[in-house]
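Engineer: Here it is, the structure in full.
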Amino acid sequence: MEFDLWYLVALPALFAAGWLCRGFDRRQRSEKTQLPEHFTRGVALLLDDEPDKAIDVLVEACRLDPDLIELHHMLGKLFRRRGEFERAIRLHLHLVNRSDLSDADRTKALSELAEDYFAAGLFDRAEAEYRKLSEVPSEHLGALRRLLTIYTIEHEWESAIDTVRAVEAQTGEDHRLETAHFYCERIEVALRSKRLEEASKLVAEVLPYADVTPRVDHLAGKVALAAGSVEEAAEHWRRLARNFPAHTPLVIGELADAMAALGQKDEAIELLRSALPEHPTADALEAVIARVTEWRGLPEAEAIAAKMLAAHPSLSAFNALVRLRAKANPEDEQTKLLSGLLQRHAQRFARYQCTHCGFLASNFAWHCLGCGSWDSFPPRRVEDSKGKSR
Ligand SMILES: [Zn+2]
């Protein structure tokens, strides 16, 4: 069992301070003279890597002297650290409900209790405690930050927007990126639920954040398209490509489709062709090949894939080429077999990686489940990212 050394250093110091403050009446409290022994034994057991026994001894020390509030807190932290959330919660609940506690000690106990609930994943209860703490001036900002984390985990985007704005107002910090993504999350929810009017309204609110993240124009285009405004959708995606060129592969296919729907198929083909030299990624290639195959036929798509493979050799480009050849020669069993093998192999490498924590995702994501960062995935697969910075 691994323990941080700070427990071993802090515990004796806290105890010594508490013990000195007890005054000179200790001789009259014969039972409590056992405390040093309990305490020394507890620390010795921690040093011997026997945390279970150490906890038993420290629990006894707390029982003997309930006034040593800090020792209670240390014990509570120890429980939490070991994943014994129930014991930590019980201990801190007991402290919170004690009538003899000072306001400062009660606030500290409340704060520890909120941490227990948070660490245990009991977010509803943690939220309730942090809301109470947000009423205490000294705890206000810390509680707001914790609430923001909880709202993000719980996908309570409206509350997240209100809270992040309060944090911004009080600290002067810039949280525009998070704010934009919280709005985008609300738009995605509205789109999934076919609440188009609500989605359009939210787009109007988030558009001032279009310079912060490409997701705003990406989504604004989707909402415009769903509302039947193809031209407006194309305009959003064009603006995304202008402001965030690296993210072009994410919208190139949709943009080409919109242009085709507007009767500009030739221009769309030209756009797709010209995108590849600048964005030689697997996603861009897939988007281009799918449309060129449909609009111009297999030989032209095959020529594009072959050119891409020659200029930027990669497994995905080879896979695309073989897949097209298998399609063009359905009677060729060997090519079909090779295509299937390559496809399975290529899928294993079709991952996107968070630049902050290295978390790998099978689909492009705006939010990292590993570290909670926003916009931390480059808009290309790991295979395409080799040797490139964002
Ligand atoms: Zn991450």
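The backbone N, Cα and C atoms fix where each Cβ goes, glycine too.
Got these off TrEMBL a minute ago, pasting:
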- Cys354, Cys357, Cys368, Cys371: Fe cation binding site (BINDING)
- 352-378: domain 'LapB rubredoxin metal binding' (DOMAIN)
- 23-390: topological domain 'Cytoplasmic' (TOPO_DOM)
- 6-24: transmembrane segment (TRANSMEM)
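Context for these features, please: burial, neighbours, distances.
Structural biologist: Cys368 (Fe cation binding site) is surrounded by 21 other CB atoms, counting those within 10 A of its CB over all protein chains shown.
Non-local neighbours of the domain 'LapB rubredoxin metal binding' (352-378) in the same chain are 149, 152, 177-178, 181, 184, 213, 215, 246, 250, 283, 385, 388, 390; each lies 6+ residues outside the stretch with a CB under 8 Å from one of its CB atoms.
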Engineer: So how many other Cβ atoms are close to Cys357 (Fe cation binding site), meaning within 10 Å of its Cβ?
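Structural biologist: There are 13 such Cβ atoms around Cys357 (Fe cation binding site).
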Engineer: Please classify the secondary structure at Cys354 (Fe cation binding site) using three-state DSSP.
Structural biologist: coil
Engineer: Count the other Cβ atoms sitting within 10 Å of the Cβ of Cys371 (Fe cation binding site), across every protein chain shown.
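Structural biologist: Cys371 (Fe cation binding site) is surrounded by 13 other Cβ atoms within 10 Å.
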